[in-house]
Structure formats: C-alpha cells, structure tokens
Amino acid sequence: MSDWSLDQARKTYSIPHWADGYFDVNDAGHVVVRPTADGPAVSLPEVVDAARAAGAKLPLLVRFPDILGQRLGKLQAAFAQAQADWDYAGGYTAVYPIKVNQHRGVAGTLASHHGEGFGLEAGSKPELMAVLALSRPGGLIVCNGYKDREYIRLALIGRKLGLQTFIVIEKPSELNLVLEEARALDVKPGLGVRMRLASLGAGKWQNSGGDKAKFGLSPRQVLDLWKSLRDTEYADSLNLLHFHMGSQISNVRDIANGMREATRYFVELSRLGAKISHVDVGGGLGIDYEGTRSRSYCSINYGLHSYASNIVQPLASACEEHGLPPPRIVTECGRAMTAHHAVLIANVSEVEQAPEGRVPDAHDDEPAAIRHLREIHDELDVRPAVELFQEAQHFHAEGLSAYALGQIDLTHRARIDDLFYAIAHGVRARLSFDEKSHRPVLDELNERLVDKYFVNFSVFESIPDVWAIDQVFPIVPIERLNEAPQRRGIIADMTCDSDGMVKTYVENESLDSSLPLHGLNPGESYRIGFFLVGAYQEILGDIHNLFGDTDAVEVAVDGTGYRIAQQRRGDTTDVMLDYVGYQLDTLRATYAERIAAAQLPPERAQELHDALEAGLTGYTYLSDEPLG
C-alpha cells in the first residue's frame, strides 16, 4: 500500500475519534500517550519496554493516573460553563461511584482531588468502608444499594465523623431502619430518595433506569415515604433526590427527556415541603468507544458540554419558574472519569493464516465438484466476480456433502477446499466497497479470509464485557503504524472457550468483523493495545481457565518524561489454585511422591521438582518471548 501514512494509520484505527486527545501516533509509528493536554507525549512501546525491564510481564495493564485528574477536571469545567450559561447558582459535585473501578490507585487518585466539587458513592458495605477512609473531611458520600442495619449504622457513623453522607432510600422498607439507627446513635441522618423514572436511555444498560429498574421508588411509594417522614423530627433530613436514566446513554435526547421528568419530581417534592438541596442525576454520560459519534450503543452523539447543558438547563428553568432555591447538582459519571486511563497490552502468541488456496493438478477421475470449481477459477478474469463466487459456494457445498456421504475421499475433499479458497481470493481482489452490489459478498469474504491472531490474554478476565454484552473496545497495534498492515485478522484469547474471541472491531469510523494487522517478523514481539478499558473491566473480570489478574503498572508523566510509579504483580498459579480450594502443601507433597515413585536419578528428580515448583508459582499467562 504505497500511499500509507501516519494519517492513514490514524484513520484506519479511528484514533482521533475515540482517543479524545490522549492517544496518537508518532513518526516512529508508535502509539503515544499524552495524559495532559499541554504535557509531553510518551511512547507506549517504550513504556512497556521499561516496565518489562523492571520485571513486569505481558499481558500488562498500563495505567496513567494523570488522565483520571484530567477527566475529572474536564467534567467539572463543563458543568461550570453550563451553570454560567444558564445563570445557575446551585453548584456541582462530580461523584465517583467506586463500583466502576475500586482499585486504590484509581479511587484514591480521584479522591486526592479535594474540594467541594468531588464526592464518592458506595453500593455495598466493603465499598462504604473504603470511601469513609478516602473521603476528604466534610466530603459528600452517596450511599446506594441494598442496606441492612450494619450498612446504615456505618453510614450514620460517617455523619458523626463529619462526612456528608446521604443514605438513599431505594426500597420502602429502608426508611424505618434508618430512623431507628439514627435515634440509637443520636445523629441526624442525611436522607435521599431514589425515583424510578418512566424515561430511560436506550442502550445495553437501559434497564438500570425506567420502570424495570432494579432500584427506586414509584410515585406512590415516594408519596407514602414523605407522609411517613413529614411528621417526624427528621422531616427536614430528606435533602437529596436521586434518579438514574441508564448507563452509557448514546442519545442526548434521552438525557433531555429524563431530566424533564426528573425536574417535575424535584418541583413536586419541594412543593410538598421537602428541603431538597441536592439533585443526583446518577450516571449515563457515555464514552465513544467506537469513534462513530452516533447513537450506536457503544458510541455517543454528544460531548461533555452538551451533556452538562442538558442537565443544568431544566433545573435552572424550573427553579426560576417556581421560585425555588437551586439545588446542588450531583452526577455519578464513573465510566467517563476512568475509561481512558488504562490500556491492556498483550503479545501475539501465534497466527493461523487464512487458507490461501491453490489450483491442484488436473486428474481424469476428478469428481464433478472439483471440475466445476476448476472451470470457475479459469474464468476469474472473464465473468462477473459476484456470480463466480455464488457458483463456487454452490459447488463447494456439493463437494462437502459428497464427502459426508462417503462418495469422495480425503484427498478430493482437500482439493475442493484448495480450489474454493483460490477462487475466493481471486474474487475478493476484484471487488470494491464503492460498488453497492459488491458489499455483501465482500463482507462475507472478509470474514472468511482472515487470519486468527492468538493473543496472550483472557477476554473473560481483561475485557469481560466483550463476551457478556458485545461491548466494543478500540484495538490497535502499539507499534509499526508507519507500515501498512497487509493482513486482516481476528483476535482470539488463550482460553479453551470458543467465546474467547473479539468479534467486532473499530475501523475507519465504523465497525467491522476483522481488523487490519501486520504480518509477524521473526524474533520480534507483536504487541496489541486494548484501549478504554479503565471502567468496570478489571472488577468484572473472571478466572475462566484460572487465568488471573494481569501484571499492572502506574505511569506518571511530567515535563521531563515518565516514570514507573507503581508496579503490581499479577496472579500466579498457586494463588489461583488456592482460590478454588486446592491445598498447596498437598499439591507439593503429591508432586514429591510421584517424583520419588518414578525412581529417577537425583539430578533429574531435582530438575522435575524445580520445574513443578516454578509452574506452581509462575504467572498464569504464557511466556511473552518473541516468536520465531
């Protein structure tokens, strides 16, 4: 591809459209990372090499904590601008729900951005224990999820310790528990109520909002709750209105519709006498994983400023119309804060190339299917390409049927495949996406004629949403982008599971069933980056085939370059076996017994013992040595 350029590389992998300025390509063909808008760009391959020199192994999760601060700052700036645009004086707090990524390096980095404009959310007792320690003095903590007395008591203790904890009532039964514990501790609770909106944002997570939502009160339940509360000493404690429109909302109109409905609840509760000082709109702010800037479920058709404006404007108008004091706006946009900051790097372990096909020598006793396929191949440059492929499919299917019925032997069966794939390659060379009639056949051929790149990672551990909900993540080779990719491939992981594959790829501002990739060079490692994996993936990852957590590093970038600020070793085999109930002492004893029973020479026995011990304490993934 003689016209290949760095701009062509950027376009092929849609980098400008999903990277949001944090990732680019340099003159050496390396993916570079720029954590701060005005800061230096660092080569991702160089960072990985430095991490490996320090002892890290592939697959490797690379975190850039500076991006976390940048994302939070952009979100706060967008709301500051929207409040100025709409003359809104209520203020704004960006709350981080730590369920998105509970790792100390993530939640702690965000929590270090002290100030009234940041808070934390917990949805369980372990999460609450973390945020009680992470929160700044006087910090906002939103307490969601199912609650028992202990959870409620811990949240109320947070109030006693000077934290601004709000216990959000999401089930009618929770209110009495909160009031009983508040009286027992002699503390005035901060109460919130979660409304179940009828409006919801379309998408993969749409049932987290709307009438089918797992949490939240109906209008009747909210009225009953207020009646139970208004005549108590805690009537003025109901200060937070919470709702959730959905996660990863693709269409900005869904946000506007949800806010229109939610604002009505704020007005009505205020009219009834509730002192609503905070409106928590939940999550919903999406990430453009695809780079298509569309209403597709893995994309968004809006930006930060549009999102903020659609939140602020309805509340500003309602407060002005009804003479209400503007409440403090709270969002829980954890995905938008964290997705960009982490990249998974994994090496290709093997490539299975697509069949090239060939034309076998002719024989007088050839079955009819082979004769017909040979005739089709001879006419590749003469007849319409689509018509030729359709005929080839027919005779290929006839040949497969004949083999299954025992009418032809294995040699003939192999020749049928050889001819079919030779025809397929010849047909594809004549097709063009510019011709509408060619596109269905070209799509089919691109799916058939692809290489399988076996990559040293687990889909289920590192990008589980790919398997669970067909989530799309940008995938890019982290080097050689100054070379034209000559192959098309699909990515398969190391698990013994046919679902351990990536089926959808970001390419040229669209989606495809395969990805342009380079052929492997002997002795060189070919490393692939999985981007925007900082939200949910680590936390949701499972241990299929006992592949565990990967090695991870945190990289700090400043004006002088970068440094590996922190390194965490991934799971080893003994850790995974212990997790699923194996007694390590028993395993070691069994190995020793079997070595002894083999009656080997002492030196050989020691070699086997050392190899088994190394296997037991080693990384769960494959060696990351270059192929060839």
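Placed from the backbone N, Cα and C atoms, the Cβ positions cover glycine too.
These features come from Swiss-Prot:
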MOD_RES   Lys99  N6-(pyridoxal phosphate)lysine
BINDING   Val279, Asp280, Val281, Gly282, Gly283, Gly284, Leu285, Gly286, Ile287, Asp288, Tyr289  substrate binding site
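Projection of Swiss-Prot feature records onto the structure.
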residue : record                         : contacts (Cβ under 8 Å, 6+ apart)
Lys99   : N6-(pyridoxal phosphate)lysine : Glu121, Gly123, Ser124, Glu127, Gly334, Ile539
Val279  : substrate binding site         : Leu240, Leu241, Ala262, Phe266, Leu315, Pro327, Arg328, Ile329, Val330
Val281  : substrate binding site         : Phe243, His244, Met245, Gly258, Met259, Ala262, Ile311, Ile329, Val330, Thr331, Glu332
Gly283  : substrate binding site         : Pro97, His244, Gly246, Ser247, Thr331, Glu332, Cys333, Gly334, Arg335
Leu285  : substrate binding site         : Leu75, Ile249, Leu304, Tyr307, Thr331, Cys333, Arg335, Ala336
Ile287  : substrate binding site         : Gln248, Ile300, Arg335, Ala336, Ala339, His340, Leu532, Ala535
Tyr289  : substrate binding site         : Trp18, Cys298, Ser299, Ala339, Gln471, Val472, Phe473, Pro474, Val506, Leu532
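DSSP assigns Val281 (substrate binding site) to coil, not to a helix or a strand. Following the DSSP three-state reduction, the secondary structure of Tyr289 (substrate binding site) is coil.
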